[in-house]
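Below: the structure, in structure tokens.
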Amino acid sequence: MTVTGIIAEFNPFHNGHKYLLEQASGLKIIAMSGNFVQRGEPAIVDKWTRAQMALEAGADLVLELPFLVSVQAADFFAKGAVDILERLGIDYLMFGTEEVLDYESISKVYGEKAEQMEAYLAGLPDSLSYPQKTQAMWQEFAGLNFSGSTPNHILGLAYAKAVAGRDIKLCSIQRQGAGYHSLSANQEFASATALRQNLDQPDFLKKFTPAHHLLETAPKVIWSDLFSYLRYQIVTCPDLTNFYQVNQELAVRIRVALKSSETIEELVEQVATKRYTKARVRRLLTYILVGARQEELPSGVHILGFSEQGRQHLSQLKGKVELVSRIGKDPWDSLTQQADKVYQLGNPALREQNFGRVPIMKGK
């Protein structure tokens, strides 16, 4: 049977995600961000609720990306997720994108010229942000010209890099309906951004989310719920450079900006520069919030849920892949579990996120 992998956040799960799943063939494996997502913010609802949404819409297996894969720039996010999906035996990696391109050919370009391309990237001036450097690299070697306002396309290129040299085929699907950041909605599709801004509108959620009942009833977490904890971390930590990827320049900028910032948006706005994008700053603040330091990624794969087909696939992997279905005395990934504890501070109605939790079985 064909095995299709999808890398996702489902923040929250909407009709566009359902459409993507419907286009996938064979067994459908989702590598999903945990309780913090790639752009450096808490997921609007917890990982278990989002896994349930995916299973109800046709996913066969949902696994959790570790924190230090979930909260990363596109290239590192893609590589970490593909590393995990490859171990689970995927044949295809499917993703939505704003651009209709031959990503397979782009992947081959990187496979043939990876060393030159990375050397070119490293030689670009530090005054450029990482996304700007990446855009310059693709323009130079593949003739691609794109803006930073198409995040799914940027991720598509990151996936092309990540699968280069692997026995995984890329399958891109044209993004349906509203753009990634769009606040508008058409007859069938609304962006995750629009949904996050309309959480108090049941009719809107019912129209654009297949599992609206789960989204409406699940405890929500947003940055403002955690901002006071971030302030505490910054004020009480003697050296912010101890946290993952925080350099001295950023540590100073963050401390100065905090004095006149009352919200996370104000803090990000004041810290960000041309070189340090807002997305990067949000990720750094998330690292500080959860106390992230450089750590090895876990060897095991944490399973959040499965269908009967997914269960059968897992049984074939036993002995070949370290599968984690219950987190007990021995941690799966201590940093992810630490991040989950911080996430729970955002809403007292949240259930325990790790201990005693077992994978969701679809239909039971």
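One-based numbering along the chain as shown.
Every residue, even glycine, has its Cβ placed from backbone N, Cα and C.
Taken verbatim from Swiss-Prot:
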- 7-20, Gly96, Asn152, Arg175: ATP binding site (BINDING)
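Distribution of Swiss-Prot features across the structure.
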residue	record	Cβ within 10 Å
Ile7	ATP binding site	26
Phe10	ATP binding site	26
Phe13	ATP binding site	30
Gly16	ATP binding site	21
Tyr19	ATP binding site	18
Asn152	ATP binding site	16
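In this structure, Phe13 (ATP binding site) belongs to neither helix nor strand by DSSP; it is coil.
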